[in-house]
Amino acid sequence: MRIVRYLQQCLVHKHVPLPPLSSPSSSPRLPLMLCVSLPLSGLNAGAFYALSTLLNRMVILHYPGEEVNAGRIGLTIVIAGMLGAVISGIWLDRSKTYKETTLVVYIMTVVGMVVYTLTLNLGYLWVVFITAGTMGFFMTGYLPLGFEFAVELTYPESEGISSGLLNVSAQVFGIIFTISQGQIIDNYGTMPGNIFLCVFLTLGAALTAFIRADLRRQKANKEAPENEEEEEESNASKAPTTVSEEHL
């Protein structure tokens, strides 16, 4: 009898349809993914790469001889960004508010960048530590949000394709922003160079606000348990007949 019941359970769970979290199927949403990668990850990550690359040059221009503190400011940005990524990931996992969380963090990134730009040349290095850390908290904390939101919007496209395109977009924008901001800093100073990044971050936040929050993966995950329960109920109704036949 135990063997029969075990086989029944195996047969029941074998036919339960589970939602594919990563489906390589082709769909017309792939071009949308290319557009989504622009505001979600490309502009933000590109600005972060450019800022990290040119941070030492910007700090030395306003605080000569502070090479060590310039490195410490970069470390502050990294540590604050790690904390921001963890907190934003936990919040997103519990709240499932993808667009709202992404938009708020993006706006705070713009605010942090503007404050950093305005306080860099004040002459107070401790202020730069605070503003740079705050900016890094939101700018790096945004990265996992952008990836998750893009995966939600492009479901059932493969998550590997989404991640790959977002990484490519981030690298391309990083190269463009680093070269452009470097030229602006050399010719006009650090403030115009940072304003250059602020403009594109604001553009990214505006584009994010207009994205329709069509969370297809969440919808698929909610529908899957209902289908599983219906399948189990239908198979459970047939189970007593099989058991009675075994007794006979």
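Glycine is treated like the rest: Cβ placed from N, Cα and C.
As recorded in TrEMBL:
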- 220-248: region 'Disordered' (REGION)
- 30-51: transmembrane segment (TRANSMEM)
- 71-91: transmembrane segment (TRANSMEM)
- 103-119: transmembrane segment (TRANSMEM)
- 125-145: transmembrane segment (TRANSMEM)
- 165-185: transmembrane segment (TRANSMEM)
- 191-211: transmembrane segment (TRANSMEM)
- Sequence gap of 6 or more, Cβ distance under 8 Å, 3 or more pairs: do the transmembrane segment (191-211) and the transmembrane segment (103-119) meet that? yes
- Item | Same-chain residue ranges lying at least 6 outside the transmembrane segment (165-185) that approach it to Cβ under 8 Å | 33-34, 37-38, 40-43, 45-50, 53-54, 57-58, 61, 146-147, 150, 192-194, 196-197, 200
- Residues from the same chain, set at least six apart from the ends of the transmembrane segment (103-119), whose C-beta lies under 8 A from its own: 39, 44, 47, 88, 127-128, 131-132, 134-139, 141-142, 145, 191, 194-195, 197-198, 201-202, 204-205, 208-209
